[in-house]
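Step one of this worksheet: look at the structure below.
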Amino acid sequence: MLKQQVGVIGMAVMGRNLALNIESKKYTVSIFNRTQSVTEEVINNNKEKKIFPYFSIKDFVNSLRKPRCILLMVKSGQPTDETIQFILPYLNKGDILIDGGNTFYKDSIRRSNDLMKCGINFIGMGVSGGELGALNGPSIMPGGSREAYDLVSSMLKKISAKFKNEPCVSYIGPNGAGHYVKMIHNGIEYGDMQLISESYFILKNVLNMKNEELSNTFSQWNKGELNSYLIEITKNIFLKKEKDGIHYLIDSILDHAEDKGTGKWISQDALELHEPLSLITESVFARYLSSLKDQRLIASKILKGPILKCISSQNKELFVEEVRRALYLGKIISYAQGFSQLKKASEKYSWNLQYGKIAKIFRAGCIIRADFLERITDAFKSNNVTNLLLTPYFSEISNKYEKSLRYITSYAIKYGIPVPTFASAISYYDNYRTMSSSANLIQAQRDYFGAHTYRRTDKKGYFHTNWLTKKEL
């Protein structure tokens, strides 16, 4: 009996579409889902395809060629652990388990170590692009066993997105490296989305832009430095109308930005690494604050603010350009923070991440795909870059656009428009470029009340001072 080449467990939309993607590249696929009716639905809708259903995990595993290649597309956390334990008794040494879920990287580190003891090859694989990306070609970030990756790399390259015919997949590094990169991707996505929404809010309120004009503005931006998937879909969103064909949908959507909880992972990890991920973390907090809709309604009637001053029509074009520049620099700072955290994690876990290759993976198929990733790839031709802001292209843009970021942020603050990520961006920029900061006072305070010591600018070593005068003693 002929056996299938790949197995997929989990037939929710991502697993289903990845199975279809794999089959479309001339692979035979076995599928299994805990709920039998879901498996039957997939088969009934794809009868002509070489996708074979199984309704017991034993039959599913036995249907696969050795070494078996099994892709897990189930909910992250405990459901993934339970699925692994469910399938483990039927596996043989050398088989490959790929976790393609939205998994926390520390779980992937643990699973990689545990499965290695059993002789099972584990790949923790970040997948970005949503349901359409899964079907047509996602950005893929595999980490874990290098031996296992080499066995499945041909398939992953075939199913991945392509940028100028180059597959958007590359081996990331050991154990949890792939899912860590996906976590950074998600954090940058949060930052991008919040920066764009703040830009929209400024244009709408300061310039009184209507939806068609907003769409035209974002369309123009998408032809230049800001060309990206998120800018592209934003221009489309503004034009979407209700079923009545009259009212715009965007105006009826509740301003409560939800999240699946993955955004907090990167911020929590930044705290563990002592990494100043301020912009991305602020974008997470902005979603949390948006969820306080009932409180905000009350606060809007109690708490006072300035009267908004609109820009005159003759200065409109100049103001739009200032917003564009501020958005671009904010985006650069968001990526700079994300890649700086990648570098810190790579050092901690000895992953030896290749940052230029990672930027290449993001160029197509994923949510944060953007033209300027080519610039990041170029910047990381030397893998020893400390911070993107210090590289030639990005430092030049930063020096050119910082006045715009400063102007738009201060204008928004002056007139009561919330811009948490713009404010965070310029604050990070100024802190990062400040040679002598206010932190010397903090160290003095820490030594005063806690004898935590301090270092000096003129001598080496750590020092403690008795800060109390004789009178105070």
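Each Cβ is built from the backbone N, Cα and C atoms, and glycine gets one as well.
Taken verbatim from Swiss-Prot:
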- Gly10, Met11, Ala12, Val13, Met14, Gly15, Asn33, Arg34, Thr35, Val74, Lys75, Ser76, Asn102: NADP(+) binding site (BINDING)
- Asn102, Ser128, Gly129, Gly130, His185, Asn186, Tyr190, Lys260, Arg287, Arg446, His452: substrate binding site (BINDING)
- Lys182: active site, proton acceptor (ACT_SITE)
- Glu189: active site, proton donor (ACT_SITE)
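On a Cα basis, the residue listed as 'active site, proton acceptor' lies 25 Å away from Asn33 (NADP(+) binding site). Taking the Cα atom of each, Tyr190 (substrate binding site) and the residue listed as 'active site, proton acceptor' are about 12 angstrom apart. The maximal spread of the substrate binding site, taken as the longest Cα to Cα distance among Asn102, Ser128, Gly129, Gly130, His185, Asn186, Tyr190, Lys260, Arg287, Arg446, His452, is 49 Å. Separation of the C-alpha atoms of Asn102 (NADP(+) binding site) and His185 (substrate binding site): 11 Å, rounded to the nearest whole number. The Cβ of Tyr190 (substrate binding site) has 28 other Cβ atoms within 10 Å, all protein chains considered. Between Glu189 (active site, proton donor) and Met14 (NADP(+) binding site), the C-alpha separation comes to 19 Å. Secondary structure at Glu189 (active site, proton donor), taken from DSSP and collapsed to helix, strand or coil, is helix. Just so you know, of the binding-site residues Asn33, Thr35, Asn102, the Cβ with the fewest other Cβ atoms around it within 10 Å is the one at Thr35.
Checking each of the recorded positions Ala12, Thr35, Lys75, Lys182 against His452 (substrate binding site) by C-alpha distance, the shortest gap belongs to Lys182.
A gap of 17 Å separates the Cα atoms of Gly129 (substrate binding site) and Lys75 (NADP(+) binding site). Taking the Cα atom of each, His185 (substrate binding site) and Thr35 (NADP(+) binding site) are about 31 angstrom apart.
Around Met14 (NADP(+) binding site), the same-chain residues at least 6 positions away in sequence with a Cβ under 8 Å from its Cβ are Met73, Gly100, Val127, Glu131, Ala134. Cβ packing within 10 Å was compared across the recorded positions Lys75, Lys182, His185, and the lowest neighbour count falls to Lys75.
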